[in-house]
Amino acid sequence: MKKIYDLWVRVSLIKKIGIGVVIGVMLGILAPDLTGFSILGKLFVGGLKAIAPLLVFALVSQAISHQKKGRQTNMTLIIVLYLFGTFASALVAVLTAYLFPLTLVLNTPVNTELSPPQGVAEVFQSLLLKLVDNPINALATANYIGVLSWAIIFGLALKAASQETKHLIKTAAEVTSQIVVWIINLAPIGIMSLVFTTISENGVGILSDYAFLILVLVGTMVFVALVVNPLIAVLITRQNPYPLVLRCLRESGLTAFFTRSSAANIPVNMQLCQKIGLSKDTYSVSIPLGATINMGGAAITINVLTLAAVHTFGIPIDFLTALLLSVVAAVSACGASGVAGGSLLLIPVACSLFGISNDLAMQVVGVGFIVGVIQDSCETALNSSTDVLFTAIAENAFWKRKKA
């Protein structure tokens, strides 16, 4: 037994997760009635979601309270990369929709419990109000905009605190980080359960009717991950980006794919940034911020499904309108974390540009929910892995400038 345990400890976490995925698929196909097994996945995701807000608050307040004057954090470049990356993803989605026009069968039931925002202004109003949310409520509800704003305020206030108080904050951050490590080490079991649940509940062939839509969505996201993002990285760093890109996809994107939660993946991303050797002053802020505004995957979903609806209804569209759609999708995607239902519920905002009624737009949303098992997984994997990628290339660019 000890030999098996020692062998398991020596195997890398990624290989363990791979083993968990294979076992989860086999159990989902061969023993789908083991419904009690799904609780392990819920516990794993719940644990990550529970600790993530506390981790963000502890690390950000600790980093700011200990920050010395003149220390570079590269946040300006990172935010520019987040916004540009989201717009680039939206533009690629428009071009993809032109190359591979989709026709939707809009006979899906509409979830009337969900109400989309009335426009981009409402999305950003919701986002701004989250800045001044009650700090306890922000932690309890995982409102990362609120958590970040209060963590920054607390960090600035703690600059004037005694060294003993600062040491206490640092210890709290270290303790929280250690708890995160323990939870992440349970990823193989949690992901095995999540895979089992997906296969046992949906089967392996339930999405065949929407195969082309899924192919276009996933293909666009893969293109952005393996072509567009590396191109951005090359322009910034002037070196081969693929070792870093593939590492981010492997160590961040893989867990995000199965948890389907950018919030749950924040601790995973922070641990990866630490392993890469990035500055804690930077990634403690950029990673939770990225989970909120870096939404390239969401922009792709909004544009592909909106243009599929436009094609279905035979609405003519010129290039300037498509460009405007890219801007609206990018802006809306940045506020996706502030909307119940995420990127799918922002589709009616984009559809309104073409005069598509809310009832019909909500049927498009219904199609999105059907393919959501795959769409949401790929979208989260792209969004979350890009947070680490852009943080890393911004820091790399800073050190290159400093050496020059």
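Just so it is clear, glycine is given a Cβ too, placed from its N, Cα and C backbone atoms.
Quantities reported herein were computed from a predicted structural model and do not represent experimental measurements.
Annotated in Swiss-Prot:
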- 17-37: transmembrane segment (TRANSMEM)
- 39-59: transmembrane segment (TRANSMEM)
- 75-95: transmembrane segment (TRANSMEM)
- 138-158: transmembrane segment (TRANSMEM)
- 179-199: transmembrane segment (TRANSMEM)
- 212-232: transmembrane segment (TRANSMEM)
- 287-307: transmembrane segment (TRANSMEM)
- 313-333: transmembrane segment (TRANSMEM)
Beyond a gap of at least 6 residues from its ends, the CB atoms lying under 8 Å from the transmembrane segment (75-95) belong to 220, 223-224, 228-229, 232, 236, 282, 285-286, 289-290, 293-300, 302-304, 307, 322-323, 325-327, 329-330, 333-334, 382, 386, 390-391, 393-394, 397-398
Ranked by Cβ pairs within a distance under 8 Å of the transmembrane segment (17-37), the first of 138-158, 179-199, 212-232, 287-307, 313-333 is 179-199
*Would you confirm whether the transmembrane segment (138-158) and the transmembrane segment (313-333) meet the contact rule of 3 or more C-beta pairs below 8 angstroms, pairs 6 or more apart in sequence?*
no
Counting Cβ pairs closer than 8 Å to the transmembrane segment (179-199), the top stretch among 39-59, 212-232, 313-333 is 39-59
Of the listed stretches 39-59, 212-232, 287-307, the one with the highest count of C-beta pairs below 8 angstroms to the transmembrane segment (313-333) is 287-307
If one takes Cβ-Cβ under 8 Å and requires six or more residues beyond its ends, the residues near the transmembrane segment (287-307) are 56, 60, 78-79, 82-83, 85-90, 92-94, 96-98, 101-102, 104, 144-145, 147-148, 213, 216-217, 220-221, 224, 262-263, 265-266, 269-270, 273, 317, 322, 325-326, 329-330, 332-334, 336-337, 342-344, 346-347, 350-351, 353-354, 364-365, 367-368, 375, 378-384, 386-388, 390-391
